[in-house]
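As annotated by TrEMBL, compositional bias 'Basic residues' applies to 1-19. According to TrEMBL, the domain 'Brix' annotation covers 58-247. Feature annotation from TrEMBL assigns region 'Disordered' to 1-52, 329-349.
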């Protein structure tokens, strides 16, 4: 028969597994390690690398309206990946007014917002706003390239803090200075954020060329400053800066901005003008062909190179030519011709 287990046997077995083996420096008593009075060694979890306090509690809400294409969706997802202090939300209906976004940000406990607005399924607008007081800026987004493209060969640590690099023009004009402060508060990861890493291994660059803001993201490979582009990349064409959040008085309006509808209309007009010009050229050519040819006056010098032909003497025939016999029968005519040929051969022989 099997031996019966004692009541405390299972508990003792668990206790044996929980106790750790003594270290090399400690001496094992005579009674064995289980009978020693030394308490078991306690394992402590190491503290986090960044022990500072999270003071700058910036939270950015990144979402879009309905009707965006796949490229915009990937761009929005890339920004959420690169910004650990961001939050997501469902797409907003087109019929809703834009000031409703302030209530959505309040519900999500966010004080900054990046909103992508799609129109006509081909034009993309980006709103950057400081909710709920303002200011806010509206941009037209052009030349979008995402992280998934093969040309973007760089890579960085997820959740790491970026360096922000700005063009010197941002400090020269007031509306660019306002945008610079807005970019710093939105794209800069707060220090000691719970989801961020205490490393700086990539750079966000904002440069101004051709009255547009060019956004690039580079990875810092080595300490000497060599960079490799990660992505995403896009170009922001400023439209307006408003005093409030998603509306209010206009602080600045870009005089160089041209709407996509106007740009497409000018392209159509240029194509139509080229077609009209070709038709006019064809009509002019037809008129030239139908017109009377202009007669050129005779050149008197052309006669110099003409050589007169030799004059032949005029011969007057006084004798009437012999009349040929009219033979209706062809066979008889052939017999007559043969007889004449035989006579000629005889005379020559």
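From the backbone N, Cα and C atoms, a Cβ is placed for every residue, glycine too.
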Residue distribution over DSSP helix, strand and coil in the region 'Disordered' (329-349): 19 helix, 0 strand, 2 coil
Predicted model, mean pLDDT over the domain 'Brix' (58-247): 91
